[in-house]
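Notes for the one structure printed next.
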Amino acid sequence: MGPTTTVFDYAMSFNRENRKRVFSMCFLLGLEMLPISLVVVTFLTFITTYVISVSNGHVTPYLPYISDTGAKSPESCIFGQLLTFSTIIALFTLYIRFKLIQSLVNVDNSRIHVVNKVSFGLGIIAALGMSLVGNFQESNVLVVHVIGAFMVFGIGSVYEIFQTIMSYMMYPMYNGKKIIIIRMVLSIFSVFFFIMTFIGAGLAGKEYKGNPLAWRPEDEGFSYHILSTSCEWLLSVSFLAYFLTFIHDFQKIKINVVGVMSVTHLDQSPSIIANDDSLSSSNQNCF
């Protein structure tokens, strides 16, 4: 299968004796909108909660942690709701990426498929971590919040590394060199910013004993705090920018959807389609 052909084609044939009515629809779903939507919704979340939290005096405007902007009500409600939405979009994006590689790469390339599966698992963990960050605010359940932050940024960075390795393994048969370089650079940035975020936080915490939501330039450890928070924001940028590299790939996906009517009257009980020997998709790459 070439990179411009159908990624999956859900095709089914049915025995006429079963009197099943089949309707089909072939369309371009515009799956490149998934990573775009993920980036837009996530950054819209951060900017919205920053503006509200600063306006309400819950945080100072001096570049707070992203989580600080969603620590108190009402911005915490928006923070949790929108990050949950981002998590759902991320899971769909991860799944499409996983199935794209599974469908595109020859089955004989077992190493690529192993990396693809491991990467998909890491991505799921990272996405669920984003949900924990949004719904377990640091002001309520700090331990769970920190675990979620490690999942989304730490495991997420590892996900980027695995995706970059897989892109390298797929060169030159399935992708070009340019995308490898871009993903490698973004992966390095993510790992670097992740490490610096925690180093800065540790150094700032040793010198500052006041309200963690009310940092000011005159406070001890403020420079370390800014180092940490700026790296966290840059980490978010590099992390989400990595998902934007999927746009080019997702534009190649064509979806063929087949709907099946198993009855001729809506008051009838549906027949058991699973037992129909003519129902077969064994040779298809189905999502």
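Using N, Cα and C of the backbone, Cβ positions are placed for all residues, glycine too.
As recorded in TrEMBL:
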| type | residues | note |
| --- | --- | --- |
| DOMAIN | 32-253 | domain 'CWH43-like N-terminal' |
| TRANSMEM | 22-52 | transmembrane segment |
| TRANSMEM | 78-98 | transmembrane segment |
| TRANSMEM | 118-136 | transmembrane segment |
| TRANSMEM | 142-159 | transmembrane segment |
| TRANSMEM | 180-204 | transmembrane segment |
| TRANSMEM | 224-244 | transmembrane segment |
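Stretch with the largest number of CB pairs closer than 8 A to the transmembrane segment (78-98), among 118-136, 180-204, 224-244: 118-136. The list of residues near the transmembrane segment (118-136) in space but at least 6 beyond its ends in sequence, with Cβ under 8 angstroms from a Cβ of it, reads 67, 70, 79-84, 86-87, 90-91, 94-95, 97-98, 144-145, 147-153, 155-156, 158-159, 162-163, 166.
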